């Protein structure tokens, strides 16, 4: 109930338009408002006299764990003193029933803690939950001591200790909220005795089991609300994790690299797969036997080493006549720009003077210093040049240079130059979702390839696994239909690498393959 209330409050703050209109996007406003509300409710001379507002959680916990009862009818070894009784009977004025006081304390702090841990201020969950559970147990213990003042078995039997009920209630409530079993050890350390260990363990196990069946832990709930990447634990009561198979969740259209992949194909794969960090390596497009996996950074380094090195070699091999032609083309571009801007007579004379100086023989004989020497390539060659397309005009004017670049792009990549992981993690076709979840949790995997007799069938990542387990506490494990548009290299590479398409069209958004996963949950599951 506490986890459900906290989640509803947090979602109300995120989605309610009236709340956004009042507090806006400034988190300090709501934080200051809640600080004022807590201060008003816990004011000792106001409503705080009904909930022991002047006490801290530590002092309240000490009162709850006390063996004495707030009623003098209980046959305990010692009675509660008057100062302790004043905390739960309305202070010095008195007149407040302990049942009203404990019930108000339980209801007030139940809501306040659920709201306060949802604001953007670091706050703990364990101690407030522990105190709330102790309040509930103390209320039950006081009710039992009131109904059975001489004990359940009479005078000859053991008396009723409300403090023991508070200890059991704190353990059960905290264990249910946090889904942890270490609360029993903490209880033994707080009380300093092992006498209540048996009822504490029984209550904690029952509360933990019931809450695991209905809700995730408070920590998992906060992670889901904030949409952090997290793989939740599997509840033991869901049989669907054993019936759903990996082929119902995996991605079937895989972008891969073969032994016959060219640099042109590799460039298109890297361009249109920016979200992928590694690529599987297979034998060919027909058999698709998985050979290994290669990281994206090694493929990028291979492209730089192959293409940029060849371009630098061509620049270094230029003759003086090539340099003169380059300078001449540069001067012609300057003259065309000058004519477009329609300069005056003085500007024309200056441009002509610059052209004459530029085309002078001394400019290529070494007597004139150039800003950037054509014999040396710049130190920082942009990587975008590997993925940029030359316009048609440049193809026409520089046909020889681009033909050499096309020849380089048509070469087959040398996979021996990159570091290939020859043993990527593989899952056998037909593996259950329970097995997949266990392997991902224990080994810390980010993705795994699904194979059938060594043949690559698909790939499953943490995202697909989280989507399949998104409603595990409500509907169980749900097979997720993964629709990928134009992601298979068998489909888009022959079209994207068509020479006619490259020469006649530019790579606009209309012809680019779209990447992404569209998740649709079948209605009949």
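Each Cβ is built from the backbone N, Cα and C atoms, and glycine gets one as well.
Bear in mind that TrEMBL entries carry predicted annotations, made automatically and left uncurated.
Summarising the annotation, TrEMBL assigns transmembrane segment to 21-43, 94-114, 121-140, 160-187, 194-215. TrEMBL lists 250-310 with the feature domain 'CBS'. Per TrEMBL, region 'Disordered' is recorded for 334-357. Per TrEMBL, compositional bias 'Basic and acidic residues' is recorded for 341-357.
The transmembrane segment (121-140) is in contact with the transmembrane segment (94-114), judged by 3+ CB-CB distances under 8 Å for residue pairs 6 or more apart in sequence. Applying DSSP to the domain 'CBS' (250-310) sorts its residues as follows: 25 helix, 16 strand, 20 coil. Distant neighbours of the transmembrane segment (94-114): 2, 5-6, 9, 37-38, 41, 47, 49-52, 60, 70-71, 86, 88, 128-129, 131-132, 135-136, 138-139, 142-143; these residues of the same chain sit at least 6 beyond its ends, with a Cβ under 8 Å from one of its Cβ atoms.
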